[in-house]
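Here is the structure we will look at, set down as structure tokens.
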Ligand SMILES: Nc1ncnc2c1ncn2[C@@H]1O[C@H](COP(=O)(O)OP(=O)(O)OP(=O)(O)O)[C@@H](O)[C@H]1O
């Protein structure tokens, strides 16, 4: 025999526990019983043993994160600029650039920490839960409250929250979290004890999940004393994986940096050869171009915008696990949703009843005390009833379908005998039925319920009103079929209920052998009303060009009716049955999915979800897929956005999903898509804003360079720094918080392959906004020079002309600031007019602009800053000349957007709404 595996004592003073010792000894060592602990004892142990939590391994220290910000490629470029400035004999400039690098790194560092915390905080919204016996009763507690000695109940889809030894029942578990092995293994009490701990067949470990079955197990280790805790190197930190958006922007930023370097180097040549400037002058000038073009704050600002999106989504009931999911959500083009609980309320109520050959209204059921239907319904379920208040139906906990059946059974009248469960065959979503084997005295009866299509073929007899069985004839089958279809067409979920006396107990492996030769005892039709908010959410999807597919386990007609009730398939609805889909070749499925209209996939299996997701993705769609069961996990992983249900979903599905809905509501998926679109739009808005300054900063330089010495330098490098890293920062951040633009959910989804930065957007930023600004500030520069008596070629190096030149560069600086105010207001919308969104709807931006103005005023009026930035106090007429600038820049853009909207309307009238709207939606 191998060494016993000894787990450290659960509490000080107690002896070590060997989880594989004989069960009674283990229970004694843990000072517990198969009925578990009392609530008071558990509370006491919690204080001593501490919460059942894994201590997180710390990530890299804060300073290493900060250093990383100092050495990323764009920062290295700035370091290069600083060195060049030093070499060129302009130490103040070098110092200024180093200051910029440091400030920039700090800014990025704090933004990223902020973003990380936003994602980490999500785990607090969704604490794992466990069902534990306390005072002999199953209660649901947070997993952190489990203590050694607790007896927990583990069911299908649950994540195991502590290291435990099985007491009763049997389960299949997925150990992949511990050993990477993805095939589920069976665990049951008993078994050899001389195997490695992880292979013991009667132990369950933290982090594994139950894929089938149900069991009770006693906790022998919690928190860091568990196997998972011991392998504590398993870091649980949320890693920041750059989102596709960030990667794209990084590429563009690098490209721009290369262009900036090329421009700087080019200017070095042009400047020295053509204009006869000194090398030092051209060098500092080239540095200016470089600094002007490098989009320093862009990446951290995007990360922050995504993190803010994550937090807002959490408030709306959608917990997103990855930052990048926010942007993917925005491009969702197909939502595959299940029906029960997502489109409907998942509040089942029995409506109709068929038994003994007659149909009844379930509201006034026949009194059938001891009837076989009532007996079967009250035996075949996993609803838990509070033993102290068995009649309090509101306190019953369980699957809504089963709750409805148990309530109906109670209304029909209590069974004559009391029944004890011997074993059960769990509800299997592929077989669509469940059975229990129950004993009453020496009678052993199998009770089965499930989808009629699955159960009726297994029935050979029908129970008559007097309780006797008659053979099921072909005629019976036709009539029953018609009845099921009639009820389903009214939107009812129909379940068939059957029984069979059994000779002897069979093992769980013999399901097919046991579930046969059944007698049908009744049919039940249940209603599950649609959620009131769903029709509006469906309409929003349709406006937004998002297609909806219902993938449900329910009957075709039931699913069709519910889909129609909420407006799915208003423009054509096709219903595909499970068998039909299974037999469908891939090309046919592709053709079906490519065709117009919406589809209900009824009686579908979890595997079907995978097929559908795959086919849609291959067609270039971005697919959001909802699911709640264990078997849904692969499809949830496969979809672009796997959406699990927080309330009714299993732990396994929640883990596989990218997004968890805390309210299980379809409408929340749609809100999340809208939030994703908003965040993506806002990222584009601040890119437009940040890029727009490049033209007015570069053009004056080019004028200077190509004037061959006749025109003095219109803007100093220090002034460029004051704009890029001073005045402009807060408005850019504020644009990331812009509210959703009208029409956000009325345009088609973004093309999966469309870049965040595209031609039209650059044309708007550099050409329109930047171009107008460049003309205006250059005019202002010349106007100031000419008003001061300057003539081309005049020496501005000293004397009165030097003062005039300082004023002129100050006006270029202030002109760019004023134009950027106009740009910020223009960039707030991509298509809509300012009037439709309202001037004051982004308060943060107004504060940002105020900061910008105060900062600029300080730079030109405070003497120490005047020295640093080479500025002069402007005169009154010059300040007055700045006032129209924001209006002119914004006005030009407003006119352009107006013309775009007109074109779009014309396009819509011409019958090409999609194409044109898509183009406009993409243009910056
Ligand atoms: N607890 C149960 N016992 C027996 N049969 C059930 C039970 N729950 C559901 N069924 C049957 O199995 C069918 C499929 O159920 P399943 O839970 O897989 O899908 P669903 O909840 O109807 O659909 P959706 O995938 O839209 O949530 C149901 O239509 C019903 O006939």
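Glycine too: its Cβ is placed from the backbone N, Cα and C atoms.
Of the listed segments 741-765, 766-790, TrEMBL assigns transmembrane segment to 766-790.
Among the ranges 297-314, 315-332, 333-350, the stretch that TrEMBL annotates as transmembrane segment is 297-314. Range 810-832 is the one annotated as transmembrane segment, of 810-832, 902-924 (source: TrEMBL).
When the ranges 209-231, 232-254, 255-277, 370-392 are checked against TrEMBL, the one recorded as transmembrane segment is 255-277. Of the listed segments 44-65, 66-87, 132-153, TrEMBL assigns transmembrane segment to 66-87. Most Cβ pairs under 8 Å to the transmembrane segment (766-790), among the stretches 66-87, 93-110, 297-314, 844-865, 877-896, belong to 877-896. Each residue in the domain 'Cation-transporting P-type ATPase N-terminal' (19-90) has a pLDDT score, and their mean in this model is 83. When DSSP labels each residue, the domain 'Cation-transporting P-type ATPase N-terminal' (19-90) comes out as 42 helix, 1 strand, 29 coil, counted as helix, strand and coil in that order.
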